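Record features, source TrEMBL:
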| type | residues | note |
| --- | --- | --- |
| COMPBIAS | 91-102 | compositional bias 'Low complexity' |
| COMPBIAS | 103-126 | compositional bias 'Basic and acidic residues' |
| COMPBIAS | 142-151 | compositional bias 'Basic and acidic residues' |
| COMPBIAS | 615-633 | compositional bias 'Acidic residues' |
| COMPBIAS | 1270-1280 | compositional bias 'Acidic residues' |
| COMPBIAS | 1308-1317 | compositional bias 'Acidic residues' |
| COMPBIAS | 1326-1339 | compositional bias 'Basic and acidic residues' |
| DOMAIN | 191-312 | domain 'C2' |
| DOMAIN | 355-486 | domain 'C2' |
| DOMAIN | 899-1024 | domain 'C2' |
| DOMAIN | 1071-1197 | domain 'C2' |
| DOMAIN | 1420-1549 | domain 'C2' |
| DOMAIN | 1670-1821 | domain 'C2' |
| REGION | 79-153 | region 'Disordered' |
| REGION | 597-648 | region 'Disordered' |
| REGION | 1255-1280 | region 'Disordered' |
| REGION | 1304-1361 | region 'Disordered' |
| TRANSMEM | 1920-1940 | transmembrane segment |
């Protein structure tokens, strides 16, 4: 049912329904085309009068019913969507007002995808452009040209403004958006697709990488009393830390570096593994505690390519149910060549970092990772190449009669450093495995890729057949609606080397997955699933070994229904064939998979077999093996996959072409693949969106670069297109939901793509509204993220149809190839799903395969093809010729009748047009240096179809101005005229360097598209004459300059050449046959003057072994130039005597077309010979153009864009500024009222901003006051305690705080922008409010960023210490290289290196020219030159100092080095400093620092130097070696001269405060007031006017501050220095001359080593002071020597223990007891561990000791570290210094005699912050140590004496802490002096002995005192028992005696004896 509703549209109210039309579609399906006219129904189903006429067509997807021809519709995009956007986009195109669109015409969105229909032929195609990679210089048409209505391409902004007014009656210009400005930079029509400019395969080429890992410490290691070692493994390299004894939290701080030289793919798949091993020694390998692994790629993709101070979680791979095994804190960084890493500044890490918040995991990975099983299911493979010689096979066949497949494949899977293999299937081209490889790893894994390889098993060595990488990010989604990794079952295609078997395959790397495969190898069906394990389940095997098991087989149909696909190609042109291949006939072969591969596709691809009984298979095989010419069993058609051989003809010296003329050969191939087109369609839709976005963003960048107006409007247009594209995807992608062969990944990916695109559409909409003029750049960055995301989403992980390869064959050998992705060729009836090259003519450049294509060989084109390709289902094949240029007849293979459906084997063109091409080659710039002089002799060669011509050769230049027109006559192009107009073939321009010997060297290539004029068009504006444009020249993948040229293709009409526009060149005919570029195309010139400041030459190297002695500089620009004066003796004085010279030259009006300016240095030798020393080309003069200030603007001193920072040179007279004064105060007492009134007066001036300092100070005071009432303020530090290092560490904290703030404020910027936008709407604020707003704003800014005022009161109240500025980078980068008026130009010589030569820019530098340029239009405005003290000889360079030699004292302070590259085998270095300046060479070898990678030098060096001869300072760090020469670790070079002469005053930094004594003493010999006076005098500024006290006025700024200071005796004296210093610190606010002055600072410079270019070898912190010798001498250098550690003694008395766990069972009685003793040491010094005596037989867990330990130690208070020096081993030459945290460890042990003692528990106290001990044993709980309760922390260094009870902990079996005892101890800290005065004895010895503990009598050793033990053991226990027994015995004895004696008595009695 089709339903159409008609609405009445209303702007204000909702739309009103008029009526509805309904129609059943049954009829359409049968007829495929129905026209209906019918009346409409209203809501009540009543008929209304209105009638509607519709035409409905239907085409079945399989092509069975109906077909659409191109004339049926106006355009390919749906109309209504067009209309929706037309208000925004078309309305802006000149002359297409939305209302005035002809009713039948589709709106033209200047995107140029349309077919041109008859009458609209001439419109909308302002082909002034090219789709060159660099679309620069869309020049504005000259003003006098009337702008035609049909030029959408180059939009003039005046029109836009007019339009904007016309559109919305004052529509807000900030909401206008714009369709493509450079619409024509894309292709205008539909017949051609863009060629790819970059030629060289970048993958696979090895590069330098360095992985640096610092292992800092480990914590919470599981296990008792272990000796841990950390093993760091990258790839196959292992390194170990030293061993720490008996500790669970070892501190290492060891640094390891691994260097690699491999290709990026290999590098990023390497695994970094960090494992902790316990008790490893020489004999045993130790036991693994736990390990952590991640791949290098994960680290590299982090911001700054590193993790800094993060905790790696250890887990045990052999026991997955165990949980966490501890943490290792480390830094990991991966540096490639040329990456510069900003390491966070190394300061003292005191912060007890929270482990959970700083885990070593990428953003978004949960900290609790679970174990998971990864099942990689390998089902089967097909299409394998043979991997064995057929010789053996033939022998076998002769004997056994069976024919075997020559390959024994198995599959190997590598993941996260583990490897699994399937079984080997013997001799099978189509092996079946049905096995799964199971990996167990933590999920999400930190390894991005899984590598699946089919390998051939062989007795000698197994080789890879093909490799596929599964990128886990593409097959999973970690969002909240995401899914676990899943894949397939799906086929993946593998590509690699060519299929013919050779014993040594030169392209074997390609099969390993390195580089771009050059041929199809095989395809593999695989699946992947992940299951998260429940580790608590006992059934799970706990090992992580890789397992291989059987997998359930799957049905063949599950990967999709097999469909017949049809690929058609037509070769329209083959040219630029390299001359090496010119002598033999050439054919081109096209293959898709193994189809079409006749040379070596030995295992023929299997056709889908009709399912019959097994017996019938053989005959099917027979049919398949019939020859190609016979038809297949389907009565279908055979494939023709290669063109007939043809001999090439000569084009010119280097290239040949194939003379196809009007007969174009075709190929076609039938192939069978599972039908998974939907995947490709979805990818295509996203690709289309991304291509459009990329093109739009390039446009915007172009507009910004060429400073076109309103780039923001174009960006809005781009965002609109993006959001509509995203919504279009949502409507298209949801088709085919029920497809049976869709895998889980297909479904999940579709969902996630739809979510992503929907949100992207939303974001684009919101962004569009936020795009404002000042935010264009930021928003552009956000759009780049969209682009990356789209490209990522469009990459489909499950392949379907393999890529198409086109090979050029000569003599049956494969020469060169190109590869086209099949999705780009895939046909669909929905335009968005169509591949971008389907049914288009594509220009392809063939390249050499594999490694042969690396480097310069690969840059030359092997052949250029114009190829038309179409790929689709066979049943859709009816319009496969639709995109070819029209006017041909098909030639079929003669195969009898009834073959209409057969594709043609060639096309014969009947229509051809004659043309003339005019190539206007104007100039090129920044070319590649191809000769050893550092210059080239360039000429350009222009190729068009099969003709080529060259420009003349210009000698010795990198910026040739050829100014030459090349005319190509008699060009014959085939096809319809109008198509050629829109779609001419491309022109290839190659630049060569002419050599006297041998052939020309290739220097680069670019493409252009000519502007076409048909015979019936007029040669007039706006299209003609064409404008010059810049084309980016590429050499391999690198850019190699730009070409400025224009190309026009003119049709020769019936009247012959007479009709062509005349060539009106300039008049100079002296160039002979060379025609210059005609007027109208060549740029319009005006007169400019170029002034050159010649300062001097530096560091000139030898030329041809001779020293340069008398150099001269020649400046040349556009044929004019000037020479410097000659330097007569370069050694004595390398500066020029005449400073300023000038010349006049005609330059184009358009600045973008300015030619480069060449600086060349020649050496004048004897006999009038000249040698070129080196040259430099200034490619853009823009930064040297002087624009006179515009006086009309209200704040001209800021808006007149002077040269970069050259404000100091041109004065502008302060007269034009309102004369108000601005007060900057520093004095906290200044009453706020006074300030406010001042501000009111000032509201008119534009300099109100700087009033916030006082407020800041007040705020701070308030804070302090507030603080002091609530809690005691930290005591102000004692002056005598402080030294330079206190200042340094305080500054580092501030710097860290700022960096943190910057990160936060980065987030606030967005909000601020929004605020700015609203502010404009509030209307003008009153002056006072404005000032206040400015103040608030400023305050925000200073708090977030300001180094000076804002951040001095951070949240943590720090004691007030004066600070300096620590720059985490070089000072130069902060102050623009100090090129404020003196620029440095590097002189180059020698060839530009290519990657493999490693010739870097650095090595080509032969010296430096110092000077500057100033370019301006000649009659300058009058007022500029008439300025006080103007000296005409200096022209624009007023006020520059003299360049005579000057003696300077240079003082270098070297603070410390960090992260040095280890230079010795032990992974350490013995660094020392070496300094070179001119002839001075200082090597501080004696003071090397042993075995340290972070040495603190703390030294200063004084050097006397004479500028300019000695101005390059080199500070190097060397590694001291006992034997052999010392190795250079790295060095840094500082140009002192630029610093010395800079306006930023870099001679000696301006301190924060002025003091004459103490740690913050003023270093400069000139006082602040003297400096200020001098600056004012040099800058011709009014001032300084001091007075009244505490106030100074400079220009119109007033500074107030304290007016007195203390001297060292504490007397206060009046002084002006404080206010003068304040003025200096705010010098940048002084109008006209202001600039930032360099503050007192420490800079951090990277150390580089020439042997390892581009990779940082560590960093050095230093600063340099310079004092001219003709000024007063400076004081003594600051003492920055490293702090000496202070000697302390820690006395620990262990009084008692309690509640100690009872370990032993008694020998006799079986009761629990423990033999307790306490062991203690100061962390890191286990050698000096001290034990108490043993308290034997504690039955209650109580022990009494009264035992004293003494620990002497050296301590650095500032860094809170203990310093120990010890020899590393018996072989060490000297002691190594270690710094370790101050931690006291107390442990309780159970003493055993015969076995090892048992460890019971421990506590570690950080002496700087440990919990205060409990008063009694009862109050002492376990939580005190674990930090779960808030216990007050104390520092022994403040408290000096602490006594209390502390808990002792150990881990139980479940890894949880448990309380195992309590210890009562007393800690007493004394300095070494106090300890000497008051000595005490160790243990219980004299002096000051402790009394013996009162232990119970049971405490003794039983087998030493048997009697005692009897006494105690037996007596105590069995006392009553013994008494009872004794009494009983006595009783018994009595009784016995009684009984014994009874008879006798009785007898006696009886007898009476």
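Just so it is clear, glycine is given a Cβ too, placed from its N, Cα and C backbone atoms.
DSSP assignment over the domain 'C2' (899-1024) gives 6 helix, 63 strand, 57 coil. The domain 'C2' (1420-1549) is not in contact with the domain 'C2' (899-1024), judged by fewer than 3 CB-CB distances under 8 Å for residue pairs 6 or more apart in sequence. Spatially, the domain 'C2' (191-312) is adjacent to the domain 'C2' (1670-1821); three or more Cβ-Cβ distances between them are under 8 Å for residues at least 6 apart in sequence.
Break the domain 'C2' (355-486) down by DSSP state and the numbers are 14 helix, 56 strand, 62 coil. For the domain 'C2' (1420-1549), the DSSP-based tally of helix, strand and coil residues reads 13 helix, 53 strand, 64 coil. Per-residue confidence over the domain 'C2' (1420-1549) averages out at a pLDDT of 87. Secondary structure by DSSP for the domain 'C2' (191-312): 14 helix, 62 strand, 46 coil. Secondary structure of the domain 'C2' (1071-1197), assigned with DSSP and counted as helix (H, G, I), strand (E, B) and coil, comes to 11 helix, 56 strand, 60 coil.
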